[in-house]
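Peer 1: Annotation source TrEMBL lists active site, nucleophile at CYS375. What TrEMBL lists as S-adenosyl-L-methionine binding site is CYS247, ALA248, ALA249, PRO250, GLY251, ASN252, LYS253, GLU271, ASP298, ASP318. According to TrEMBL, the compositional bias 'Polar residues' annotation covers 16-25. Feature annotation from TrEMBL assigns domain 'SAM-dependent MTase RsmB/NOP-type' to 158-441.
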Amino acid sequence: MARKKAQGDTKPSAKKPNQSRLSSAERSALFARRESAKVLRTILQGDARRQAVGSIKSLVYSPSVRNKRATYALVCQTLKYLPVIKDVFHTANVLSSKWKRQEELMYIILYDILFGQEALLAGDAEKFLLQKKDVLQAALAKLLVRKKVKHVSDLMTSYKISDLPKPRYARVNTLKMDVESALVEFKKQYEVCQDAMVPDLLIFPPRTDLHDHPLVKSGSVFLQGKASSMVAVALGPKPRWEVIDACAAPGNKTVHLAALMKGNGKIIACELNKERVKRLKDTVELAGATNVEVKHEDFLNMSPEDPAYSKVQAILLDPSCSGSGTVVDRLDHLLPSYTAESDVNRLEKLAAFQRKALEHALSFPAVERIVYSTCSINQVENEDVIKSVLPLASSYRFELTTIFPQWPRRGHPIFDGSQHVLRTDLIEDQEGFFIALFVRKGVSPPGKHIRDVGNTLRRAVQRRKKRKINSFFLLRTLGLLL
């Protein structure tokens, strides 16, 4: 019970006479509220700074959170009702400075009092608010009158969570297991099939909960969306290459690169934010990606003339963006700062950074391939950025190259070559991503690359003719699938 005293208890000692008399359900609820308060504090502080440590889901499902399902439900519901909860506290004016210092726990408890499980409330903070229950309910009634509505549901219209059915995607970490083995294991319990475009990606029915599955906990499988999984494949690094992941945290794309490279070569994973560096390191360790070097450094400060980067052949640039393409999946629409219309000034600042980062990537002398990607639907962060760097890219002999030619949705036609870039649609694909690939001219021409792949494939088949292995798995094993 030592962790329960971290928030919301009037005394630091965990040895309270009433604790031993709590039922199992009360103890579980007490602990879940405090875990939820810690997660909620991280979310709200990151949102206030516009510098999130991770998505709501990733924070809740991190290894440090033990009661994941209860915490996830409490955090989401409290965020959903947060405007009402804040107004109720403002009207009731019941919090002393002592309790204001634990406002996230207060938000969680008030949600339970007004809308959740009041019967399971135990703990000093809970008792304090229960004593103020009449005042709090009166404040809620005043709020309904002021807003000229009869029911709380009428206040929440603009905060409802979208319920569009979206498949659950999971990427097999081929550093630890092969796709066929993962399919066999998952088919024991779920409906599952293999994605046609990203061979190490599996598709499950909507709302399939895999967070507690042993393969996910062990790092053999990562919960990663389809569009996100397409980014590393688009870059197509070869096994012995040196690669920079310029804005790497939380690390899903980084470890995907490591898997495509079969754990060989070297990946320099950069991250400026200290808290996100820790998450990046955790992801790398979980994946068993031993060829990844994590650097707590600003990519823009890495000199292309530095001999340490003279052999870098590929750069994955997935810079900070508005996240407008993943608001529902990330649950960002629950955050206080979220508005349907993005702030123009913020978008302009983001685009300026994105353009500067892409220009910097283009300047590395030995680089052959650069992928630029965002999880944004905004043209200013996507096509406008690409268009602005085309003259510079041309001066370095880079040109846009088509990726996933079978994919139907392409870039907005605002420049010559927009058909080469790829978009996913927020409605049709239920996530909005943008991916562009620059390839330096004179390096690995398409015909030669295909012949090289064919020759390597034939040699590998001869070496492995006694093994049964499908062409997708073989290409992925060789790190040559584009």
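The backbone N, Cα and C atoms fix where each Cβ goes, and this holds for glycine too.
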Peer 1: At the level of the C-alpha atoms, what whole-angstrom distance separates ASP298 (S-adenosyl-L-methionine binding site) and CYS375 (active site, nucleophile)?
Peer 2: 21
Peer 1: Restricting to the chain of GLY251 (S-adenosyl-L-methionine binding site) and a gap of 6 or more, list residues whose Cβ falls under 8 Å of its Cβ, or answer none.
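Peer 2: The answer is ALA269, ARG279, LEU280, ASP282, THR283, VAL284, ALA287.
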Peer 1: At the level of the C-alpha atoms, what whole-angstrom distance separates ALA249 (S-adenosyl-L-methionine binding site) and the residue listed as 'active site, nucleophile'?
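Peer 2: If we compare the Cα positions of ALA249 (S-adenosyl-L-methionine binding site) and the residue listed as 'active site, nucleophile', the gap is 14 Å.
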Peer 1: Comparing the binding-site residues CYS247, ALA249, which residue's C-beta has the most other C-beta atoms within 10 angstroms in this structure?
Peer 2: ALA249
Peer 1: Give the distance between the Cα atoms of CYS247 (S-adenosyl-L-methionine binding site) and CYS375 (active site, nucleophile), rounded to the nearest whole Å.
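Peer 2: For CYS247 (S-adenosyl-L-methionine binding site) versus CYS375 (active site, nucleophile), the Cα atoms are 13 Å apart.
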Peer 1: Could you state, as a whole number of Å, the largest distance between Cα atoms of any two of CYS247, ALA248, ALA249, PRO250, GLY251, ASN252, LYS253, GLU271, ASP298, ASP318, the listed S-adenosyl-L-methionine binders?
Peer 2: 19
Peer 1: Between LYS253 (S-adenosyl-L-methionine binding site) and the residue listed as 'active site, nucleophile', how far is it from one CA atom to the other, in Å?
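Peer 2: It is 13 Å, counting Cα to Cα.
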Peer 1: My understanding is the cutoff is Cβ-Cβ under 8 Å with a sequence separation of 6 or more in the same chain; which residues meet that for CYS375 (active site, nucleophile)?
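Peer 2: Result: ALA227, SER228, CYS321, GLY323, SER324, GLY325, THR326, GLU431, GLY432, PHE433.
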Peer 1: Can you check how the pLDDT averages out over the domain 'SAM-dependent MTase RsmB/NOP-type' (158-441)?
Peer 2: 92
Peer 1: Quick check on the binding-site residues LYS253, ASP298: which one has the highest count of other Cβ atoms within 10 Å of its Cβ?
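Peer 2: Max Cβ neighbours within 10 Å, all protein chains included: LYS253.
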